[in-house]
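The annotation signal peptide is assigned in Swiss-Prot to 1-20. Annotated disulfide bond per Swiss-Prot: Cys131-Cys179, Cys135-Cys181, in sequence order. Look at Swiss-Prot and you will find Asn136 tagged as N-linked glycosylation site. Residues or ranges marked as region 'Receptor binding site' by Swiss-Prot: 158-162. The feature region 'Disordered' is assigned by Swiss-Prot to 181-213. Per Swiss-Prot, the feature compositional bias 'Basic and acidic residues' maps to 188-199. Feature annotation from Swiss-Prot assigns compositional bias 'Basic residues' to 200-213.
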Amino acid sequence: MRTWACLLLLGCGYLAHVLAEEPGIPRDVLDRLARSQIHSIRDLQRLLEIDSVGAEDAPEPSLRAPGVHTARHVAEKPPAPVPVRRKRTIEEAIPAICKTRTVIYEIPRSQVDPTSANFLIWPPCVEVKRCTGCCNTSSVKCQPSRVHHRSVKVAKVEYVRKKPKLKEVQVRLEEHLECACAASSAGPEHREEEAGRRRESGKKRKRKRLRPT
């Protein structure tokens with residue numbers, strides 16, 4: 001098991017978060033780790049081109065009881081049997097790969113009514129698909145590569161003159177369809193928001209006409 005522990009330590013060294021903090025690791029190795037799919041220690045072994053992994057057996061506990069010095073003493077009082085420890089099988093860690101998973105999304109109050117605070121939302125949270133998981137190196141992050149937006153109806157409950165008033169409000173939800181390990185940057189949803197802002201600002205700005213002198 002010591003050899004497996006050494007292999008895990010070696011793998012953790014290769015999976016360091018940035019090259020600047022690991023000057024002894026070649027950049028091409030980090031790039032290869034970032035692009036590769038690693039599902040097990042065997043995959044890591046093949047990727048790092050490690051030919052074989054040995055196994056060392058733990059030393060067996062001594063069956064001789066402490067305090068036994070002579071055969072005569074053993075004959076008079078036999079030692080109690082010492083239980084033999086059995087090696088436990090330790091399972092291999094399963095990586096949480098970058099993919100879509102169902103997560104709980106709490107509906108922001110600003111999406112229902114940004115001008116008021118005295119109301120309730122039902123349901124207060126829903127299930128959506130989002131990209132979660134980890135990548136082989138921290139230089140890349142699990143990000144959505146394709147998104148989808150859908151609208152749902154929620155109930156807005158407020159009290160007017162001590163009487164409950166219910167109103168249905170549409171809320172826009174974002175679903176992640178595909179994920180990828182990529183460098184940290186603005187995702188497709190951010191690019192869409194920025195494009196919308198540019199369009200709005202373009203409408204507000206008008207070119208000034210120069211009067212002839």
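The backbone N, Cα and C atoms fix where each Cβ goes, and this holds for glycine too.
Cα to Cα, Asn136 (N-linked glycosylation site) and Cys179 (disulfide bond) are separated by 14 Å. For Cys135 (disulfide bond) paired with Cys179 (disulfide bond), the C-alpha to C-alpha distance reads 11 Å. In sequence order, Cys98, Lys99, Thr100, Cys131, Gly133, Cys142, Gln143, Pro144, Ser145 constitute the residues six or more apart from Cys179 (disulfide bond) in its chain with CB-CB distances below 8 Å. Under DSSP, the residues of the region 'Receptor binding site' (158-162) split into helix, strand and coil as follows: 0 helix, 3 strand, 2 coil. The predicted model assigns the region 'Receptor binding site' (158-162) a mean pLDDT of 79. Taken residue by residue with DSSP, Cys179 (disulfide bond) is part of a strand.
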